[in-house]
Structure formats: C-alpha cells, structure tokens
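S.K.: This structure is in structure tokens; I'll ask about it shortly.
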Amino acid sequence: MATSTETISSLAQPFVHLENPINSPLVKETIRPRNDTTITPPPTQWSYLCHPRVKEVQDEVDGYFLENWKFPSFKAVRTFLDAKFSEVTCLYFPLALDDRIHFACRLLTVLFLIDDVLEHMSFADGEAYNNRLIPISRGDVLPDRTKPEEFILYDLWESMRAHDAELANEVLEPTFVFMRAQTDRARLSIHELGHYLEYREKDVGKALLSALMRFSMGLRLSADELQDMKALEANCAKQLSVVNDIYSYDKEEEASRTGHKEGAFLCSAVKVLAEESKLGIPATKRVLWSMTREWETVHDEIVAEKIASPDGCSEAAKAYMKGLEYQMSGNEQWSKTTRRYN
C-alpha cells in the first residue's frame, strides 16, 4: 500500500514538478498562455530568477496543504496544484535563505487560499472571518484544530517566531493590513486610477511582501533605511499590481459574475482605466503594459541614485533593492504562466 506521502506525490505529479538547472533555476514555461495572446507586452530589461529549492519546497508545501486543507472536490485540488503558489513565492524571493523559503511559501499559500474563500462571502462575513484569524496569528488565541485556516496560521506563525522572532513580528502587521484590505468596502466605489493604485498597494500586500522578503533573506535594515525605501516600494507596488491585474482580469471578471456580489466584486486597474478612458479592454491592457515598463525604469533610476549617493548604501539595502526587482520580474513570469489566470 502506498504511503500518504506517495499518494500525495502521485496526485500532485501532473501539475507541480518543475525541471530547473542547478546553477540557474529558471522556471520553464510549460503552460501556453491563453489570456490575451494577441497582446504582446513591451520588452523588459529585467530577467526573473527562481529559488534553487523550488521543486522540493513546492512538493513539501503542496503535500502539507493537500493533507490539511479541506478542499471540497478533486477539481479544487487540481486548481490548487495548477496555481503553483510555492512557485510564485520562489519567484518572488529567489534570494531567500534555504532554511526560510518554506515559511514564505506556506504563508503566501494559505493567504491565497483564504482569498479564494473570501470571494464567496459578503464583506461583513469576510471581515469577521479575518478578524478571527488575526489574534490567532499573533498567538493571543488558540486555534480551533478542526478549522485548517486557524491551526495552519497559528502553527506557521509560531514556527516563524521560533526561527527569527524580530523579523517574523515585522511581517505580522503588514499581513493584517493586507487581510483588512480584502474586505474594504472602498473597493466598491473606486473610479479613478490614482485612487485605485493607493488602495491596491494594501490589497496586493506590498508591505507584506517586503517584510516577508526581509524575513526570508534574513535582512535587517535600519529604521532610516526602511524609511528611505518608501518611494521605491510604492513604485514597486504599482508595477506588481498592474501586471497582476492585466493577467488576472479575465479570471476575476468571470468570478465577479459567479461569486458573491461583494467578495468577488471586480476591482482592477483594467476595469478602472477602461471606464475612465473609454477604451476597450485590449487597448486598456496595452496602455497599462507601457506604464509597467516605465515603472521598471523608475525603479532602476532610483536604485542607481541611492547607490551613487554620497552617503553610500549598505549591502543589506542593495540586496533589498535587488530583491524588489526580482519580486516584480518574478510576479510577471508567474502571472503569465499560472493556470490560475490562464
């Protein structure tokens, strides 16, 4: 009889395994994108990179969630495996320490799964759901062990704090900001791109991704250095949000027609700009693609200025800025290949 591990591995085999070179682990584009194939993004000067442990971590983390999360059907299992949440984490944080990347994969995976749950809830129900999880994440309240979202979050945060309490605790509040943004009623009344980008900086979890990257890389920046990164992070949030919105638009537009009228409400840069500019959806996506490349140029310019400044730049700050670049390039690579959007 097969062991549970072998059963999980067999179930996951068609969807999760990647081949990657030992020295340069780049993710293969094994999925032909079906989302807006007539729209070609402008060329980018950046290259993506993937964490070298992507295959083993993906198998480990997917196996954990297959064993512990209550998926309602095999179709839901397949959808989960196709999404490759650990892969996107390894693309976001390719420079993460080997003994920390699995923490980041588990956290982003459970947050993605919770986000899917919220699509079928009203804002009030979603807010109550998240408010229950926040004190559990802090360790102030013990979880109900019959509810996967509760014990998974509790055990994960406890293990992260045991590994590095200082940097783990820096991830907590940004995570809560992200969770609150998911049920923010403001998303129902956003009609201007600038307003949308301000909201999306919280909803895309930019502060969460930044803090989680510092945890996963073991980076300790001074308070002054963190403050000095605000403009760079805000620029990064715009690029991340819009690239994600371009690729996820078709999936989210469909969800808005089939999910809860609040939880699945379509709030996207594509929709906002199309309505504001009176352009069609394909034209709006082309305009947004040009904007993303301009934000990449802005990132490079800010980084060059910081490195050339008379005050200099610490090695930790340089690593952090390079990490932000990899977040953006990695997000684009995952967004254009994941079956979650394509």
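Yeah, the Cβs are placed from backbone N, Cα and C, and that goes for glycine too.
Keep in mind that what you see is a predicted model, and the values were worked out from it rather than measured.
Quick paste of what Swiss-Prot says about this protein:
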- Asp115: Mg(2+) 1 binding site (BINDING)
- Asp115: Mg(2+) 2 binding site (BINDING)
- Asn244, Ser248, Glu252: Mg(2+) 3 binding site (BINDING)
- Arg340, Tyr341: (2E,6E)-farnesyl diphosphate binding site (BINDING)
- Tyr92: site 'Important for catalytic activity' (SITE)
- Phe112: site 'Important for catalytic activity' (SITE)
- Phe178: site 'Important for catalytic activity' (SITE)
- Trp334: site 'Important for catalytic activity' (SITE)
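Mind running through what each feature is packed against?
M.R.: A helical conformation is recorded for Asp115 (Mg(2+) 1 binding site) in the three-state DSSP classification. Counting every protein chain shown, the number of other Cβ atoms lying within 10 Å of the Cβ of Asp115 (Mg(2+) 1 binding site) is 16.
In the three-state DSSP scheme, Ser248 (Mg(2+) 3 binding site) falls into the helix class. Taking the Cβ of Ser248 (Mg(2+) 3 binding site) as reference, residues of its chain lying under 8 Å away and at least six apart in sequence are, in sequence order, Ser268, Ser335, Arg340, Tyr341.
In this view, Arg340 ((2E,6E)-farnesyl diphosphate binding site) is surrounded by 19 other Cβ atoms within 10 Å of its Cβ, with every protein chain counted.
Of all Cβ atoms in the shown protein chains, 27 besides its own fall within 10 Å of the Cβ of Tyr92 (site 'Important for catalytic activity'). A helical conformation is recorded for Tyr92 (site 'Important for catalytic activity') in the three-state DSSP classification.
Around Phe112 (site 'Important for catalytic activity'), the same-chain residues at least 6 positions away in sequence with a Cβ under 8 Å from its Cβ are Ala83, Phe85.
DSSP classifies Phe178 (site 'Important for catalytic activity') as helix under the three-state reduction.
Under the three-state DSSP scheme, Trp334 (site 'Important for catalytic activity') falls in the helix class. The local packing around Trp334 (site 'Important for catalytic activity'), expressed as other Cβ atoms within 10 Å of its Cβ over all shown chains, amounts to 26.
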S.K.: Give me the Cα-Cα distance between Asn244 (Mg(2+) 3 binding site) and Asp115 (Mg(2+) 1 binding site), rounded to a whole Å.
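M.R.: Each residue's Cα considered, Asn244 (Mg(2+) 3 binding site) and Asp115 (Mg(2+) 1 binding site) end up 15 Å apart.
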S.K.: Looking at the recorded positions listed here (Asp115, Phe178, Trp334), whose Cα lies nearest to that of Tyr92 (site 'Important for catalytic activity')?
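M.R.: Comparing Cα positions, the candidate nearest Tyr92 (site 'Important for catalytic activity') turns out to be Trp334.
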S.K.: If you measure Glu252 (Mg(2+) 3 binding site) to Trp334 (site 'Important for catalytic activity') at Cα, how many Å is it?
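M.R.: If we compare the Cα positions of Glu252 (Mg(2+) 3 binding site) and Trp334 (site 'Important for catalytic activity'), the gap is 17 Å.
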S.K.: Taking the Cβ of Asn244 (Mg(2+) 3 binding site) as the centre, how many other Cβ atoms fall within a 10 Å radius?
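M.R.: Here the count is 20.
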S.K.: At the Cα level, what's the spacing in Å between Trp334 (site 'Important for catalytic activity') and Asp115 (Mg(2+) 1 binding site), rounded?
M.R.: 18
S.K.: Centre the Cβ atoms of Asn244, Ser248, Glu252, go out 8 Å, and tell me which other residues of that chain have a Cβ in range of the Mg(2+) 3 site.
M.R.: Asp245, Ile246, Tyr247, Tyr249, Lys251, Ser268, Ser335, Tyr341
S.K.: Using a 10 Å cut-off, grab the number of neighbouring Cβ atoms around the Cβ of Glu252 (Mg(2+) 3 binding site), all chains included.
M.R.: 21
